[in-house]
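What Swiss-Prot records for this protein:
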ACT_SITE  102  active site, phosphoserine intermediate
BINDING   102, 241, 243, 245  Mg(2+) binding site
MOD_RES   102  phosphoserine
């Protein structure tokens with residue numbers, strides 16, 4: 001299959017006003033997507049966004065391009081990525097578009113698509129859109145132009161959907177929960193979901209101003225929520241990222257519960273209820289402790305490439321339901337078609353209620369192995385992983401670790417980063433090895 005030029009592993013993403021993320025490209029992308037999507041279906045597309053200041057200009061540009069191609073546009077405003085997937089399904093739209101750069105800083109933005117069933121757009125359709133981008137932009141005749149309107153009750157619809165994933169015979173009464181919305185797309189949704197289920201909610205990261213998304217809050221910056229859980233004497237904390245498709249949690253001791261541990265909780269709970277279909281899909285970055293804990297329960301475990309797209313592919317291939325990443329993308333195909341931080345949190349809380357257990361008790365059987373991840377930024381077109389210096393450092397570290405650990409080096413699919421991950425049974429040794437390889441990567445840039 002032909003390689004995609006514009007779409008990456010999670011749509012198009014970059015710094016606003018540079019490279020691909022320009023108003024001109026967004027206009028042309030809307031038109032190109034409209035040309036492809038108008039060939040079949042309802043000729044109706046949903047557009048949602050996170051809280052970045054640049055979301056307004058990309059929303060307008062996409063809307064204009066889609067309308068020029070003859071598609072009607074439903075605007076839902078700031079809305080979590082999984083909410084757009086859900087609304088795309090329920091409105092029977094031809095596609096959903098999300099304007100977001102997820103966990104990236106505010107000066108980045110991105111555009112990604114969902115198909116009519118709420119899943120990521122197929123590679124083949126993305127290639128068709130890219131082919132249309134090479135053509136000159138034209139406009140349909142005036143009477144065929146698309147219309148645009150705003151959906152005022154989109155947030156309420158999604159709140160009810162989220163609550164519907166919690167057992168009807170249970171409540172969250174008696175629980176004090178800190179909810180960190182990362183100043184992102186869940187700011188007007190997540191606190192309502194958990195409070196309406198009965199919890200006492202302390203919201204942080206719920207005051208977006210266009211430039212503070214993910215800044216020292218959210219699932220990629222856990223210091224604030226850990227402090228707040230301890231200061232408030234809360235039972236737990238739930239941290240979401242800027243577009244709401246990731247979750248990290250915090251127990252009452254202020255300790256972080258990551259995506260691997262959440263996967264263990266969900267898989268173990270599903271097995272207890274006889275509802276686990278097959279096994280669990282993690283990624284190359286998943287902690288070895290998850291693998292070992294699932295082995296103890298006789299639950300099969302497979303690793304995909306990094307990225308929720310690849311986790312989804314492996315789940316579908318094996319007809320399994322639960323998978324995800326240690327970064328907090330959690331997929332449960334019985335409860336949605338994409339990673340959903342709010343729903344994943346609800347499923348963990350449901351497990352706590354069913355088993356009358358705390359978050360610490362649910363995760364206690366899983367012992368995390370020391371794992372160090374270092375992100376090394378690079379510039380230029382050369383791949384530092386091709387450097388002989390890096391290859392030599394990796395080889396020597398792997399020989400030192402032997403069967404007691406592993407090394408993973410990978411180039412990020414969304415940022416100019418090399419991710420250096422080292423795992424083993426001795427934290428100090430793992431840290432030293434990771435720093436050694438990271439230094440080699442910097443020299444190899």
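Even glycines carry a Cβ here, placed using N, Cα and C.
Overlay of Swiss-Prot feature records on the structure.
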residue	record	CB count, 10 Å
102	active site, phosphoserine intermediate	29
241	Mg(2+) binding site	34
243	Mg(2+) binding site	35
245	Mg(2+) binding site	31
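On the backbone, the CA of residue 241 (Mg(2+) binding site) and the CA of the residue listed as 'active site, phosphoserine intermediate' stand 7 Å apart.
Taking the mean position of the Cβ atoms of 102, 241, 243, 245 as the Mg(2+) site, the remaining same-chain residues with a Cβ inside 8 Å of that point are 50, 80, 81, 100, 103, 184, 185, 240, 242, 244, 246, 339, 341.
Between the alpha carbons (Cα) of residue 243 (Mg(2+) binding site) and the residue listed as 'active site, phosphoserine intermediate' lies a span of roughly 5 Å.
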